Amino acid sequence: MPNNTTQERLKAEARGLNFFYNGGIQALKNINMPIYDNRVTALIGPSGCGKSTYLRSFNRMHDLYPGNRYEGEIRFYPDDTNLLAPEVDPIEVRMRVGMVFQKPNPFPKSIYENVAYGLRVRGERNRRMLDDKVEHALRGAALWDEVKDRLQDLASNLSGGQQQRLCIARALATDPELLLFDEPTSALDPIATGAIEELVHELKKRVTILIVTHNMQQAARVSDYTAYMFLGEMIEFGKTDEIFIKPKDRRTEDYITGRMG
Amino acid sequence: MKPLTTEEIRAVIARGKLKDTLFKALGILCLAFGLFVIVALILDMAIKGSERFTLDFFLNFASRRAAQAGILSAWVGSLLVMFVTALAAVPLGVAAGVYLEEYAPRNWMTQVIEINIANLAAVPSIVYGLLALGIFVYQFGFGQSILSAGLTLALLILPIIIVATREAIRAIPAMIREGSMAVGATRWQTCRYHIIPYAMPGILTGVIIGLARAIGETAPIITIGALTFIAFLPPAPLTALPDGGTAGLFDWVTAPFTVMPIQIFNWTSRPDPAFEINAAAAGFVLMAMVLAMNALAIWLRYRMRKNIKW
């Protein structure tokens with residue numbers, strides 16, 4: 001059955017992914033799923049279904065806390081690295097995979113320093129280079145015009161929506177290949193949410209995006225592909241149109257029509 | 001159950017509010033009592049010692065005549081000992097606290113260490129004095145010097161600084177740490193750029209509380225053998241010595257010394273009642289030093305916290 005899916009390039013692929021939290025609770029069960037290059041993939045599902053856990057596996061965030069354990073693989077392309085392999089340094093993974101969190105978490109430093117931080121961590125000292133990249137990242141996050149005259153102001157003086165775009169700029173500054181969004185608009189008002197959604201749409205030209213959302217309209221608006229998760233399992237994955245118009249699985253249908261969750 | 005009438009509701013509220021008022025009054029009473037005692041103590045010392053508050057009192061050495069005796073060697077000694085204490089205790093305490101919070105695995109070993117830090121804070125100060133007498137004074141051969149005293153007090157306040165550092169670090173939200181690690185920072189980069197700077201106001205408070213405790217300590221300093229009567233200052237760096245030579249940069253650390261609480265103790269144990277005036281005046285000065293340190297801590301904390309918002 002030839003369809004557009006076959007023409008897509010793989011950016012990453014979960015293969016038989018299991019995840020256990022410290023204490024042995026299994027939060028992900030045998031997840032198999034492709035992530036396509038320069039596409040937005042949305043993860044939906046009720047609270048506690050494992051979508052954030054799954055997202056945080058892509059940048060090995062679980063390694064920060066002791067006792068967590070992965071099984072299976074997340075292949076990352078074009079170099080076909082297994083992101084979860086013990087011999088792969090989680091810091092190297094995080095240098096390639098950026099993340100934006102649920103609540104805006106700018107550092108209590110200047111706007112400039114927030115964006116430049118990823119570059120400083122990589123050892124960039126050249127002032128001109130830093131200035132250029134900071135501007136580029138802020139433009140990418142649609143924030144430049146609002147902050148260009150006050151780059152040395154504290155980031156905490158920005159509004160919530162601006163702070164979240166600043167966090168996006170911070171992640172963009174280091175040119176990640178994959179950008180993870182963990183419910184990026186759940187702490188924002190509808191106008192700021194609209195701005196972020198527009199931005200996600202714009203950003204997929206530059207970077208592959210994986211986004212967790214509680215808001216099904218948001219998934220339908222911003223994503224090309226959608227995965228429905230339930231109780232740690234991947235129930236259904238497909239093109240967003242197909243998932244929302246004619247889901248194959250009864251559980252997906254129940255969830256997106258609001259009968260469950 | 002029948003719903004309450006408006007009168008009944010008002011009666012319930014009135015009973016609740018009566019307890020509010022009673023507790024508030026009790027609280028104010030307790031607070032007033034505590035404040036009264038401390039203010040009375042300070043005023044008492046200030047009034048008793050008032051005739052000694054002259055420049056000479058600060059610039060004179062101890063003397064057999066009460067009216068001419070001053071606290072020069074004592075306040076200089078206290079400041080120098082505090083300097084050594086801070087220099088030794090702050091890096092050690094902060095590094096230990098950062099390690100325990102950010103690096104140490106959570107296992108039984110760290111549990112044991114944590115419990116023992118709490119124990120260390122409870123060890124009587126005289127025991128630190130005995131320890132220091134054996135180790136610093138004799139084993140390491142530092143003698144009865146400013147160095148020995150400073151290191152002894154550093155041991156004493158180390159647990160305070162470690163605990164303050166850990167609490168300050170715990171108050172930093174996990175999302176800040178995650179935000180830093182998520183761009184590919186190492187643990188050290190996260191500590192260096194975020195954890196330590198943001199914990200600094202809390203750490204500083206702990207440091208000053210520790211130093212304020214240390215500056216009043218008498219027992220361990222007597223144990224290691226501070227002098228009670230001393231009529232010279234430690235040699236300032238690069239100044240001429242009485243024997244014709246020049247003092248090195250660090251000669252002062254090995255000099256004999258006295259500190260404020262010892263000077264006060266010495267004066268109160270004299271039979272001549274005139275020395276009581278000296279003791280009261282010196283007590284007031286010591287109190288002022290501690291309050292000044294606290295004020296500094298509050299000001300620094302306020303300044304540093306202004307820019308740290310999550």
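Every residue, even glycine, has its Cβ placed from backbone N, Cα and C.
Taken from TrEMBL, the feature domain 'ABC transmembrane type-1' applies to B:75-297.
Summarising the annotation, TrEMBL assigns transmembrane segment to B:21-47 (among others).
If you look up TrEMBL, you'll see B:67-100 (among others) marked as transmembrane segment.
Within its own chain, the transmembrane segment (B:120-140) has Cβ neighbours under 8 Å at 147-148, 151-152, 155-156, 158-160, 163, 217, 219-225, counting only residues six or more beyond its boundaries. What TrEMBL lists as transmembrane segment is B:120-140 (among others).
Per TrEMBL, the feature transmembrane segment maps to B:146-165 (among others). Long-range neighbours of the transmembrane segment (B:146-165) within the same chain, counting only residues 6 or more positions beyond its ends whose Cβ lies under 8 Å from a Cβ of the stretch, are 77, 80-90, 92-94, 96-98, 100-101, 117-118, 120-121, 125, 128-129, 131-132, 136-137, 199, 202-203, 205-207, 209-211, 213-214, 217, 220-221, 224, 226, 234, 252-255, 257, 259.
The transmembrane segment annotation in TrEMBL covers B:195-215 (among others). With a threshold of 8 Å between CB atoms, the same-chain residues lying at least 6 positions outside the transmembrane segment (B:195-215) that come near it are 78, 81-82, 85-86, 89-90, 93-94, 97-98, 101-102, 153, 156-157, 160-161, 163-165, 167-169, 171-172, 176-177, 259-261, 286, 289-290, 293-294, 296-297, 300-301, 304-305, 308.
The annotation transmembrane segment is assigned in TrEMBL to B:221-241 (among others).
The annotation transmembrane segment is assigned in TrEMBL to B:248-267 (among others). Long-range contacts of the transmembrane segment (B:248-267) within the same chain: residues 62, 66, 69, 71, 73-75, 77-78, 80-81, 84, 142-147, 149-150, 215-218, 221-222, 226-230, 234-238, 275-276, 278-279, 282-283, 285-286, 289, each at least 6 residues beyond the stretch ends and with a Cβ under 8 Å from a Cβ of the stretch.
Within the same chain, residues 42, 44-46, 48-50, 52-53, 57-58, 71, 74-75, 78, 201, 204-205, 207-209, 211-212, 215-216, 260-261, 263-264, 267-268 sit at least 6 positions outside the transmembrane segment (B:279-300) and bring their C-beta atoms closer than 8 Å to a C-beta of that stretch. The transmembrane segment annotation in TrEMBL covers B:279-300 (among others).
Beyond the ends of the transmembrane segment (B:67-100), by six or more residues, the same chain brings 56-61, 110, 113-114, 146-147, 149-151, 153-155, 157-158, 160-166, 169, 191, 195-196, 203, 206-207, 210-211, 214-215, 221, 226, 230-234, 252-253, 257-260, 262-263, 267, 274-275, 278, 282, 285-286, 289 to within a C-beta distance below 8 angstroms of the stretch.
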